[in-house]
Each structure stands twice: as C-alpha cells, then as structure tokens.
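These notes concern the structure reproduced below.
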Amino acid sequence: MPVALYDTWSRTLRAFTPIQADHVGLYCCGPTVYDHAHIGNLRTYVFEDVLRRVLALNGYTVRHVVNITDVGHLVSDADEGEDKMEKGSRRTGESAWAIAERYTAAFMNDWRALNLLEPTVWCRATDHIAEQIDFIAELERKGYTYRTIDGIYFDTSKQDEYGFLARLDVAGLQAGKRVALGEKRHATDFALWKFSPPDTLRQMEWDSPWGRGFPGWHIECSAMSAKYLGPWFDIHCGGEDHIAVHHSNEIAQTQARHGTRLANFWMHGHFLTLDTGKMSKSGGDFVRLRTLTGRGVDPLAYRYLCLSAHYRSSLRFNLDALDAAQSALDRLRRVYVQWPEGGMPDTHSVARFKVEVDQDLNLPRALAVLWDVVRSDLPAATRRATVDRFDAVLGFRLADWKKDVSAIPAIPVDIALLADERERARAAKDWNEADRLRDQLRAEGWHVEDSSSGQALRRLDKTQ
Ligand code: AMP
Ligand code: ZN
C-alpha cells in the first residue's frame, strides 16, 4: 500500500509517488526570526518532521529544505506596516542583524530539543538576495510586474488560476477592497520588491535594478526552493495560515516564471490554539518551548502532545493535556528501560503501525498501536525491538533515555509562564509590566531574582 497524503491543492487524499524514483524533495516554510518561536509554530515543524520520518520509513531519501525568513516579512501579510525584523530591532534596541542571529540560534535549540531531524539545507533569505532579484527580473521580463510609489508588485490579474490553492474569491476580495488599494491595482497583488523609505535609514537593504530596498516576503521561498529542489518538487509544507496569502503567492510567482505550482503535494498543519483559562491569564498568547522546558517539562512531552492529535485538526493547548502527555511519556520510558535488548520486532505490530502512519500520518492511532504493544503479552525483548521501530517515526529517543524523571525540578508550569512573560516585558523595557508580574509571582509564593544571565526563581518560605 502506498502512502496516502492529504493534498490541499486538490482537497483530497492522494496516493504518494515521488517525481524521481526513491527521492523526495520537501520544502518547509521556516521561522521569521524577529522573536522566539512559539509552541504553535513548533507544532507545525513536528508535523513536518513526522512526515519526513514516515517518508524515510517507506524507503525514500528525503531532501529537506527549510528557510529562515530574516528580512521582508511585514507586520501585515498584505504588505503593509513595518518589517518584522526592524520592528524587533526597535523593541529590543539591538540591530536587525543581531536579532536575526540570536533568534535563529534560539530556534535551532528548540528544533534539536524536539528531536527534529536536521534539514538537508537551511537557507537564509538574506543569503539569497541575488537569486530573488533574478527571479523578479524574470517576472518583469515576462510582463507580470508593475511599479508603485513604494515597490514592484506582482499583477495577480494576469493569472486565471490565481488563488486556486485557497479557493479564493478573487472578484469578491477586489470588490471589498476597492477604496483602500492605494496604488495597488488589485486587492490580491503583492510586493516583490519594496523600496527603502526615502526619509528613514533601513538596517537591511540592497541595491537592485529598481532601486535600493528589500525583497517581499513571498519571493524568497519561490527563489530558494527552485535553487535547492528545482522548480517542480514533491511536497511543500507550512501552517494553515499560509494557504490564503503566502503559498498562493509563491504559486503565482513560480507559475509565472517556471510554469509549475512548485510542488506536487501541498500539505498544511492545523493550528495550536490556547485554552482560555489559566494559560491566557499568565502566558498571554505567546508560549515558548523554553517556558515549558526550562522549568521542568520535557520537550519530548510537548512532542508527544503534538502527536496525540492529527495534524489536520486543531489542537487546544492546556496544562492538563501537557501533564497527561508528560505522564504517558514517563510511563513509556519506565517500562521501556526494563525490556532487554536483542529481540526481533513483531512484524504484525510493525505492519499495523505502518498502516496508520501511511494513512495521512494518523499518529493518534499509531500511538494506540504503541500502547497495545506495551500492554501485550509479547516477550519483553520483542516489545523493545518493536517499539524501537516505532520510535524511528515517533522520535521520543527512547533508547537514549537515562534520566530519572522523578528528579525533574518542580516549578509549576503556570509560574514558569508568568516568569517568562516577565522576561519578555523586561526585554521590551516595559518596567511597569515587569514589576506587576514580579508582584504577581510573589503573591503566588515565588521570588524572582534578576542577573545578567536572566532571572532565577526561588520559592518563598512561608515566613518571608
Ligand atoms: P512564522 O515564524 O510566523 O513565519 O511561522 C512559522 C510556521 O509556524 C509557519 O509554518 C506557520 O504557518 C506556522 N504557525 C504559525 N502559528 C501557528 C500556530 N498557532 N499553530 C501551528 N502553526 C503555526
Ligand atoms: Zn514560504
């Protein structure tokens, strides 16, 4: 049975066959590095990692390309507002380049903590300005562009199929936006190159045939995927928010230049949402992996939580669900370490597991197969060898696990979230908010100390 994957382009489950025998080209839109990744972003990378592992399980060699957006992503996806990098620079007082460096490194740490396989290629937008300029020049030569006061735009009216991926009602959008368009000709047109504003000095800008400026956000993915995977490859992934704008625009550009829609399959992970209750009280709408892990939750427990929901259903994050995932992982580790090595996998269970993951990555059902094996009366060495096979997809690093879970420090997650929020307030130099959060922590029984390396938490004893 071949792998079946849900393709957003056709809105159907399709049997997967690679364009080139045994090789799969996989492009995943990466982070915009003006701030930390939140656990929602990370859910999408976990889904993509599992996809890659399932492809490998089926014998394919995967060439996995992930970009780093370090320029050009404006605050609004519709090319309005400030560049997120320059905004991040004003927030923290560091240069846009330093911010990109710092948050890229932080992102890579999260990546490794979640045991995501290293991509074949990481590519930064700012390292590929020449490729992006070439791409735009070619679009211009083919008659797809026009100039406005602030940049070079892609004319989406030149394509009958524009917006098909999102089933966009292009005429409806146009009617709704007519007044607010400015010099843009159509509501769905988008920037390929933005000019540096005449009165402000940008930190990130380059010369181009059209004047000094910087690339629009979408062009980097069309240019870099073509460079590393060719203009027609197997699978393109991202979060569901990318369907309507970013991926529709990547397709428009590549269609215009190369006559392809980039990828044979378009796959999208659904969102992680936050529970209203406790989480929003203390964490706002921004929770980092470090918020959870730095204070005692295992990053792989978050991975477990992600796998417990299908990637095409939204997942509501809350602390109870995270606790349950951590307990399940702990239970699994405790039994696993007792099983002796040297067995052979149970072929029937391996086949059952494979049926589930091959069916559009049905990880919740694959986890159920895992627990069936754990509870089965198969010999212990057989169970170990079988679960090892599963772990090649699940990525829980069971064979490496040595730590005693009872030794995990007990800082409650809601306290960790408050502390994290305070760290962010301090980074933004919002001292009133930072003080308010310190008082709130104190009321909850925790003292926070600041030092050059960050803040440390200490439990107050009852007399303080
Ligand atoms: P960004 O850093 O904003 O460019 O986003 C990085 C990736 O995270 C993209 O694939 C987004 O589609 C995805 N993403 C953003 N928010 C969420 C969320 N709440 N849940 C899951 N994925 C998300
Ligand atoms: Zn992209």
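Backbone N, Cα and C atoms are what each Cβ position is placed from, and that goes for glycine too.
The structure displayed is predicted, hence computed values, not measured ones.
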Matching range for TrEMBL feature annotation, motif ''KMSKS' region', among 158-162, 183-187, 278-282, 458-462:
278-282
Out of CYS29, CYS123, which does TrEMBL tie to the same Zn(2+) site as CYS221, HIS246, GLU250?
CYS29
Per TrEMBL, which of 31-41, 75-85, 141-151, 284-294 is motif ''HIGH' region'?
31-41
Counting each residue once, how many in the motif ''HIGH' region' (31-41) are helix, strand and coil under DSSP?
3 helix, 1 strand, 7 coil
